[in-house]
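Below: one structure, written as C-alpha coordinates.
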(Lines of atoms letter the chains of each structure in order from A and count residues from 1; the text may use other names and numbers.)
(Lines give C-alpha, C1' and ligand atoms only; values in the text may rest on other atoms or scores of the structure.)
Protein backbone atom coordinates (compact mmCIF):
# COMPACT_ATOMS: atom_id res chain seq x y z
CA UNK A 1 0.00 0.00 0.00
CA UNK A 2 1.32 3.44 -0.94
CA UNK A 3 1.96 5.54 2.21
CA UNK A 4 -0.16 8.67 2.13
CA UNK A 5 2.45 10.70 4.01
CA UNK A 6 5.06 9.51 1.55
CA UNK A 7 2.98 10.88 -1.34
CA UNK A 8 2.38 14.16 0.50
CA UNK A 9 6.07 14.41 1.31
CA UNK A 10 6.95 13.98 -2.37
CA UNK A 11 4.40 16.68 -3.25
CA UNK A 12 5.98 18.93 -0.62
CA UNK A 13 9.42 18.35 -2.09
CA UNK A 14 8.04 19.08 -5.55
CA UNK A 15 6.54 22.40 -4.38
CA UNK A 16 9.77 23.40 -2.65
CA UNK A 17 11.76 22.69 -5.80
CA UNK A 18 9.11 24.51 -7.84
CA UNK A 19 9.77 27.61 -5.75
CA UNK A 20 13.45 27.34 -6.63
CA UNK A 21 12.47 27.80 -10.28
CA UNK A 22 12.83 31.46 -9.35
CA UNK A 23 16.52 30.84 -10.10
CA UNK A 24 15.77 30.50 -13.81
CA UNK A 25 14.26 34.01 -13.94
CA UNK A 26 15.52 37.00 -11.95
CA UNK A 27 16.72 34.69 -9.19
CA UNK A 28 19.90 33.75 -11.04
CA UNK A 29 21.16 37.25 -10.22
CA UNK A 30 20.42 36.88 -6.52
CA UNK A 31 22.97 34.94 -4.46
CA UNK A 32 20.44 34.33 -1.68
CA UNK A 33 18.66 31.88 -3.97
CA UNK A 34 21.49 29.42 -3.35
CA UNK A 35 20.67 29.39 0.38
CA UNK A 36 17.39 27.69 -0.48
CA UNK A 37 18.83 25.66 -3.32
CA UNK A 38 21.48 24.14 -1.05
CA UNK A 39 18.73 22.39 0.95
CA UNK A 40 17.48 20.34 -2.00
CA UNK A 41 19.71 17.34 -1.27
CA UNK A 42 18.28 17.10 2.26
CA UNK A 43 14.71 17.11 0.93
CA UNK A 44 15.69 14.55 -1.68
CA UNK A 45 17.02 12.28 1.06
CA UNK A 46 13.81 12.54 3.11
CA UNK A 47 11.48 11.90 0.17
CA UNK A 48 13.48 9.03 -1.34
CA UNK A 49 13.43 7.12 1.96
CA UNK A 50 9.67 6.67 1.61
CA UNK A 51 10.13 4.66 -1.60
CA UNK A 52 13.51 2.86 -1.35
CA UNK A 53 12.79 0.71 -4.41
CA UNK A 54 12.17 3.77 -6.62
CA UNK A 55 14.61 6.27 -5.18
CA UNK A 56 15.75 7.71 -8.51
CA UNK A 57 12.19 8.04 -9.80
CA UNK A 58 11.26 9.97 -6.65
CA UNK A 59 14.33 12.17 -7.10
CA UNK A 60 13.26 12.85 -10.68
CA UNK A 61 9.70 13.72 -9.64
CA UNK A 62 10.65 16.21 -6.94
CA UNK A 63 13.50 17.66 -9.03
CA UNK A 64 11.05 18.17 -11.90
CA UNK A 65 9.57 20.98 -9.83
CA UNK A 66 12.79 22.92 -10.31
CA UNK A 67 12.62 22.33 -14.05
CA UNK A 68 8.98 23.42 -14.14
CA UNK A 69 9.72 26.64 -12.27
CA UNK A 70 10.34 28.67 -15.40
CA UNK A 71 6.87 27.68 -16.67
CA UNK A 72 5.36 29.34 -13.59
CA UNK A 73 7.64 32.33 -13.09
CA UNK A 74 8.55 33.38 -16.65
CA UNK A 75 5.01 34.40 -17.76
CA UNK A 76 4.54 36.32 -14.51
CA UNK A 77 7.90 38.04 -14.90
CA UNK A 78 7.18 38.97 -18.52
CA UNK A 79 3.70 40.24 -17.68
CA UNK A 80 4.94 42.38 -14.79
CA UNK A 81 8.20 43.72 -16.25
CA UNK A 82 7.67 43.91 -20.02
CA UNK A 83 3.95 43.53 -20.85
CA UNK A 84 4.28 45.51 -24.12
CA UNK A 85 7.17 43.37 -25.45
CA UNK A 86 9.54 46.34 -25.78
CA UNK A 87 12.87 45.45 -27.40
CA UNK A 88 16.26 46.53 -26.01
CA UNK A 89 18.03 49.44 -27.65
CA UNK A 90 21.84 49.26 -27.73
CA UNK A 91 21.69 46.33 -25.32
CA UNK A 92 19.54 48.20 -22.78
CA UNK A 93 15.81 48.07 -22.11
CA UNK A 94 13.77 51.30 -21.81
CA UNK A 95 13.47 52.99 -18.41
CA UNK A 96 9.81 52.03 -18.00
CA UNK A 97 10.79 48.36 -18.16
CA UNK A 98 13.57 48.75 -15.60
CA UNK A 99 11.29 50.62 -13.21
CA UNK A 100 9.01 47.58 -12.94
CA UNK A 101 11.80 45.25 -11.76
CA UNK A 102 11.43 46.00 -7.98
CA UNK A 103 7.73 45.09 -8.10
CA UNK A 104 8.62 41.87 -9.91
CA UNK A 105 10.92 40.89 -7.04
CA UNK A 106 8.10 41.42 -4.53
CA UNK A 107 5.53 39.44 -6.52
CA UNK A 108 7.83 36.54 -7.39
CA UNK A 109 9.23 36.50 -3.85
CA UNK A 110 5.73 36.20 -2.39
CA UNK A 111 4.89 33.28 -4.68
CA UNK A 112 8.20 31.62 -3.80
CA UNK A 113 7.54 31.98 -0.07
CA UNK A 114 4.05 30.49 -0.42
CA UNK A 115 5.34 27.43 -2.29
CA UNK A 116 8.12 26.86 0.23
CA UNK A 117 5.87 27.14 3.29
CA UNK A 118 3.31 24.70 1.87
CA UNK A 119 6.05 22.31 0.75
CA UNK A 120 7.78 22.28 4.14
CA UNK A 121 4.48 21.69 5.94
CA UNK A 122 3.83 18.58 3.83
CA UNK A 123 7.30 17.09 4.40
CA UNK A 124 7.53 14.16 6.80
CA UNK A 125 10.41 11.93 7.85
CA UNK A 126 9.89 8.28 6.95
CA UNK A 127 9.28 6.24 10.15
CA UNK A 128 10.84 2.86 10.92
CA UNK A 129 9.65 -0.30 9.20
CA UNK A 130 7.09 -1.01 11.91
CA UNK A 131 4.21 -0.12 9.63
CA UNK A 132 5.53 -2.43 6.93
CA UNK A 133 5.86 -5.29 9.42
CA UNK A 134 2.31 -4.69 10.66
CA UNK A 135 1.10 -4.73 7.06
CA UNK A 136 2.85 -8.01 6.37
CA UNK A 137 1.48 -9.63 9.53
CA UNK A 138 -2.07 -8.51 8.76
CA UNK A 139 -1.86 -9.80 5.19
CA UNK A 140 -0.42 -13.13 6.34
CA UNK A 141 -3.11 -13.52 9.00
CA UNK A 142 -5.84 -12.94 6.42
CA UNK A 143 -4.32 -15.61 4.22
CA UNK A 144 -3.96 -18.00 7.16
CA UNK A 145 -7.70 -17.92 7.75
CA UNK A 146 -8.32 -19.59 4.40
CA UNK A 147 -6.69 -22.97 5.31
CA UNK A 148 -8.65 -23.00 8.58
CA UNK A 149 -11.94 -22.68 6.72
CA UNK A 150 -10.98 -25.32 4.14
CA UNK A 151 -9.90 -27.82 6.80
CA UNK A 152 -13.02 -27.38 8.90
CA UNK A 153 -14.69 -30.08 6.81
CA UNK A 154 -11.87 -32.56 7.45
CA UNK A 155 -12.15 -33.74 11.03
CA UNK A 156 -8.76 -35.51 10.93
CA UNK A 157 -6.83 -32.28 10.48
CA UNK A 158 -6.45 -29.57 13.06
CA UNK A 159 -6.25 -25.82 12.54
CA UNK A 160 -2.89 -25.75 14.32
CA UNK A 161 -1.28 -28.10 11.79
CA UNK A 162 -2.75 -26.11 8.95
CA UNK A 163 -1.23 -22.95 10.28
CA UNK A 164 2.17 -24.57 10.71
CA UNK A 165 2.15 -26.09 7.24
CA UNK A 166 1.08 -22.83 5.68
CA UNK A 167 3.72 -20.90 7.57
CA UNK A 168 6.39 -23.34 6.44
CA UNK A 169 5.29 -23.01 2.82
CA UNK A 170 5.02 -19.27 3.12
CA UNK A 171 8.51 -18.98 4.57
CA UNK A 172 9.90 -20.91 1.59
CA UNK A 173 8.43 -18.36 -0.79
CA UNK A 174 9.67 -15.25 1.00
CA UNK A 175 13.09 -14.15 -0.25
CA UNK A 176 15.66 -12.75 2.17
CA UNK A 177 16.10 -8.99 2.07
CA UNK A 178 19.34 -7.71 0.60
CA UNK A 179 21.39 -5.57 2.94
CA UNK A 180 22.44 -2.19 1.55
CA UNK A 181 25.89 -1.03 2.60
CA UNK A 182 26.05 2.63 3.57
CA UNK A 183 29.35 4.47 3.70
CA UNK A 184 30.20 7.00 6.34
CA UNK A 185 31.31 10.42 5.16
CA UNK A 186 34.89 9.62 6.18
CA UNK A 187 34.89 6.36 4.22
CA UNK A 188 33.32 8.05 1.19
CA UNK A 189 36.10 10.64 1.14
CA UNK A 190 38.61 7.80 0.97
CA UNK A 191 36.92 6.29 -2.09
CA UNK A 192 38.05 7.15 -5.62
CA UNK A 193 34.43 7.08 -6.82
CA UNK A 194 33.69 10.17 -4.74
CA UNK A 195 36.33 12.20 -6.55
CA UNK A 196 35.18 10.92 -9.93
CA UNK A 197 31.64 12.10 -9.17
CA UNK A 198 33.04 15.40 -7.87
CA UNK A 199 34.91 15.94 -11.13
CA UNK A 200 31.86 15.05 -13.22
CA UNK A 201 29.74 17.46 -11.17
CA UNK A 202 32.33 20.22 -11.62
CA UNK A 203 32.46 19.79 -15.40
CA UNK A 204 28.70 19.44 -15.78
CA UNK A 205 27.81 22.52 -13.77
CA UNK A 206 29.99 24.68 -16.02
CA UNK A 207 27.89 23.58 -18.99
CA UNK A 208 24.66 24.07 -17.00
CA UNK A 209 25.52 27.66 -16.08
CA UNK A 210 26.75 28.38 -19.59
CA UNK A 211 23.45 27.20 -21.06
CA UNK A 212 21.10 28.88 -18.58
CA UNK A 213 23.02 32.18 -18.72
CA UNK A 214 23.57 32.61 -22.46
CA UNK A 215 20.88 30.90 -24.53
CA UNK A 216 18.44 33.82 -24.26
CA UNK A 217 21.20 36.35 -25.03
CA UNK A 218 22.16 34.21 -28.01
CA UNK A 219 18.57 34.44 -29.23
CA UNK A 220 18.49 38.22 -28.81
CA UNK A 221 21.72 38.58 -30.80
CA UNK A 222 20.01 36.73 -33.66
CA UNK A 223 17.12 39.23 -33.65
CA UNK A 224 14.59 36.90 -32.02
CA UNK A 225 11.74 38.70 -30.29
CA UNK A 226 11.47 38.72 -26.52
CA UNK A 227 7.95 37.25 -26.66
CA UNK A 228 9.22 34.32 -28.74
CA UNK A 229 12.13 33.78 -26.35
CA UNK A 230 9.70 33.76 -23.43
CA UNK A 231 7.81 30.98 -25.19
CA UNK A 232 11.09 29.11 -25.66
CA UNK A 233 11.83 29.50 -21.95
CA UNK A 234 8.42 28.06 -21.06
CA UNK A 235 8.87 25.17 -23.48
CA UNK A 236 12.36 24.46 -22.15
CA UNK A 237 10.98 24.27 -18.61
CA UNK A 238 8.46 21.64 -19.75
CA UNK A 239 11.24 19.57 -21.31
CA UNK A 240 13.38 20.09 -18.21
CA UNK A 241 10.53 18.90 -15.98
CA UNK A 242 9.59 15.92 -18.15
CA UNK A 243 13.26 15.01 -18.63
CA UNK A 244 13.91 14.69 -14.90
CA UNK A 245 11.11 12.18 -14.47
CA UNK A 246 12.25 10.22 -17.53
CA UNK A 247 15.90 10.14 -16.43
CA UNK A 248 14.79 8.97 -12.98
CA UNK A 249 12.88 6.05 -14.50
CA UNK A 250 15.86 5.21 -16.73
CA UNK A 251 18.33 5.21 -13.83
CA UNK A 252 16.04 2.95 -11.77
CA UNK A 253 15.90 0.56 -14.72
CA UNK A 254 19.51 0.63 -16.01
CA UNK A 255 21.59 1.94 -13.07
CA UNK A 256 23.63 5.12 -13.67
CA UNK A 257 26.64 4.35 -15.89
CA UNK A 258 24.97 3.91 -19.29
CA UNK A 259 22.50 6.80 -18.76
CA UNK A 260 25.37 9.10 -17.74
CA UNK A 261 27.43 8.24 -20.82
CA UNK A 262 24.37 8.66 -23.05
CA UNK A 263 23.44 12.00 -21.52
CA UNK A 264 27.00 13.37 -21.85
CA UNK A 265 27.33 12.21 -25.47
CA UNK A 266 24.03 13.86 -26.46
CA UNK A 267 25.08 17.02 -24.66
CA UNK A 268 28.39 17.16 -26.56
CA UNK A 269 26.61 16.85 -29.92
CA UNK A 270 24.01 19.50 -29.07
CA UNK A 271 26.49 22.01 -27.62
CA UNK A 272 28.87 21.59 -30.56
CA UNK A 273 26.16 22.35 -33.12
CA UNK A 274 24.22 24.98 -31.12
CA UNK A 275 26.19 28.05 -32.39
CA UNK A 276 25.18 27.27 -35.99
CA UNK A 277 21.45 26.50 -35.71
CA UNK A 278 20.13 30.08 -35.51
CA UNK A 279 21.37 31.05 -38.99
CA UNK A 280 19.11 30.89 -42.03
CA UNK A 281 15.36 30.97 -42.57
CA UNK A 282 14.70 28.03 -40.25
CA UNK A 283 16.98 29.39 -37.54
CA UNK A 284 14.14 30.41 -35.25
CA UNK A 285 12.64 26.91 -35.22
CA UNK A 286 15.98 25.12 -34.97
CA UNK A 287 16.96 27.39 -32.09
CA UNK A 288 13.83 26.37 -30.17
CA UNK A 289 14.36 22.66 -30.90
CA UNK A 290 17.99 22.76 -29.78
CA UNK A 291 17.12 24.60 -26.57
CA UNK A 292 14.39 22.05 -25.78
CA UNK A 293 16.77 19.14 -26.35
CA UNK A 294 19.54 20.81 -24.33
CA UNK A 295 17.25 21.27 -21.35
CA UNK A 296 15.92 17.72 -21.67
CA UNK A 297 19.47 16.37 -21.41
CA UNK A 298 20.37 18.95 -18.74
CA UNK A 299 17.69 17.35 -16.56
CA UNK A 300 19.72 14.15 -16.45
CA UNK A 301 22.54 15.90 -14.58
CA UNK A 302 20.30 16.56 -11.57
CA UNK A 303 18.96 13.00 -11.44
CA UNK A 304 21.86 10.77 -12.50
CA UNK A 305 24.38 12.27 -10.07
CA UNK A 306 22.13 11.77 -7.00
CA UNK A 307 21.33 8.27 -8.25
CA UNK A 308 25.01 7.44 -8.63
CA UNK A 309 25.75 8.84 -5.17
CA UNK A 310 23.01 6.78 -3.54
CA UNK A 311 24.02 3.62 -5.40
CA UNK A 312 27.72 3.91 -4.58
CA UNK A 313 27.57 5.13 -0.99
CA UNK A 314 24.17 3.99 0.32
CA UNK A 315 21.17 5.92 1.67
CA UNK A 316 22.16 6.60 5.30
CA UNK A 317 24.55 9.51 4.69
CA UNK A 318 23.27 10.40 1.23
CA UNK A 319 22.41 14.02 2.04
CA UNK A 320 25.88 14.86 3.37
CA UNK A 321 27.83 12.96 0.72
CA UNK A 322 25.80 14.34 -2.18
CA UNK A 323 26.14 17.81 -0.68
CA UNK A 324 29.92 17.38 -0.82
CA UNK A 325 29.71 16.11 -4.41
CA UNK A 326 27.54 19.05 -5.44
CA UNK A 327 29.95 21.45 -3.69
CA UNK A 328 31.83 21.29 -6.98
CA UNK A 329 29.21 23.74 -8.24
CA UNK A 330 30.91 26.45 -6.18
CA UNK A 331 34.24 25.88 -7.92
CA UNK A 332 32.89 26.73 -11.35
CA UNK A 333 32.67 30.40 -10.39
CA UNK A 334 36.46 30.53 -10.17
CA UNK A 335 36.58 29.13 -13.70
CA UNK A 336 34.26 31.83 -15.02
CA UNK A 337 36.23 34.50 -13.16
CA UNK A 338 39.38 33.33 -14.90
CA UNK A 339 37.62 33.27 -18.27
CA UNK A 340 36.29 36.76 -17.66
CA UNK A 341 39.81 38.06 -17.06
CA UNK A 342 40.96 36.45 -20.31
CA UNK A 343 38.49 38.09 -22.68
CA UNK A 344 39.63 36.23 -25.75
CA UNK A 345 39.15 32.83 -24.13
CA UNK A 346 35.80 33.94 -22.71
CA UNK A 347 34.52 35.02 -26.10
CA UNK A 348 35.71 31.76 -27.63
CA UNK A 349 33.74 29.75 -25.06
CA UNK A 350 30.58 31.80 -25.54
CA UNK A 351 30.72 31.66 -29.33
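Including glycine, each Cβ sits where the backbone N, Cα and C put it.
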From the ranges 259-278, 319-338, pick the one that TrEMBL records as transmembrane segment.
259-278
Can you work out which residues elsewhere in the same chain, 6+ from the ends of the transmembrane segment (259-278), have a Cβ less than 8 Å from its Cβ atoms?
200, 207, 211, 218-219, 222, 224, 247, 250-251, 284, 286-287, 289-290, 293-294, 297-298, 300-301, 304, 308, 351
